[in-house]
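Colleague: Before we start, here is the structure in question, set down as structure tokens.
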Amino acid sequence: MSISIISLIWLTLWINMAQLQQGGPDEKEKTTALKDLLSRIDLDELMKKDEPPLEFPDTLEGFEYAFNEKGQLRHITTGEPFVFNAREDLHRWNQKRYEALGEVDATESEPKNFIFMSEDAMTNPDKLMVLIHGSGVVRAGQWARRLIINEDLDSGTQIPYIKRAMDEGYGVIVLNPNENYIEVEKTKSQVQLSSDGSDEPAEKRERKDKTFKEAKKRRDFYEKYRNPQKEKEMVPLYIRDNGSPEEHLIYVWDHFITHSAAENTFFVAHSYGGLAFVELMIQREADVKNKVTAVALTDSVHNVWHQEAGKTIREWMRENCCNWVSSSEPLDTSVESMLPDCPRVSAGTERHELTSWKSLPSIFKFFTEASEAKNSSLKASLTRRSHRIKHEEI
């Protein structure tokens, strides 16, 4: 076992002090002098002299780490998780190494996700609209591929929302929550890296596996006709911090939405997108309440009981959310709900995939009214504060 120079210095001084304390008055004076000497020692400087240079790689490969197919950081040789104490008795060096690793960005070979933003999405001081589609094969900017193929772009894509939002002065962010992994050919090294137990929560791991299996089943169905000779076994390589729709939304929230200048942020979330938004609220409740003005859900599949959303979240949703659901009733007709969260109204269609398109005019009206109500409340609050100040001055 290696012993650093600083450890030897402390060991020597501790032994000397122990010996001196056992002597008489003269020895006690020496002990006092030794304590005074210790108080003058600059421990930081001693540590710096005893540690290697604070020079670290700027790539994951340089650190000899990589993300496996489950999105877990593992050593490329041993397959072990990240080890903080790479060098014993060098806590400062280990901390700096840890911080340097955290600064490493995605490599060229690492799978990545993307989002779309209007030019003013981060700088618009007034309004920001965030669009989230549902689960399945749809990607950024789409509501339903069936509608795109069989009907038209207006009903099947988010283009009408984007156009109207920009015409009305919104900044826009279009999320891509289903782009969670890429498929790569299974290799021996990937088998080794994935053989250890996952340190993710079981529920999250099961959800990822289920998402992959369902998507793979759909692709395999078509692939066996298009490429019947395919024999290679494929595995999912998850995108870091974007391994599920919920992770994707939280990542975009932390890195983009919270840094936007907009005073009012609005969400439109379809189907599974509503579940992802509720998860965002659970994880970032105070921030969401402070940043978001209103939320429009379209046939959302969220469940506040199963997701264990707290009372304060349910109360906020009742005041600031509305769910346009598939129904035979006319548009905006109130629909009874079994859940104690946001009000439910008819989207004016019984087709799940059409709810976002059919409810578009009502959703923009809902956002306008929510913004006006917020401004009125703010003005009333400022007026009451002004009256209190004047009263105190009198």
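The backbone N, Cα and C atoms fix where each Cβ goes, glycine too.
TrEMBL does not curate its annotations; it predicts them automatically.
Pasting the feature list from TrEMBL:
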- 1-20: signal peptide (SIGNAL)
- 56-101: domain 'Arb2' (DOMAIN)
- 104-331: domain 'Arb2' (DOMAIN)
- 187-211: region 'Disordered' (REGION)
- 201-211: compositional bias 'Basic and acidic residues' (COMPBIAS)
Colleague: Across the domain 'Arb2' (56-101), what does the mean pLDDT come to, as a whole number?
Modeller: 79
Colleague: I'd like the per-state residue tally for the domain 'Arb2' (56-101) from DSSP, helix first, then strand, then coil.
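Modeller: Going by DSSP assignments, the domain 'Arb2' (56-101) contains 15 helix, 6 strand, 25 coil.
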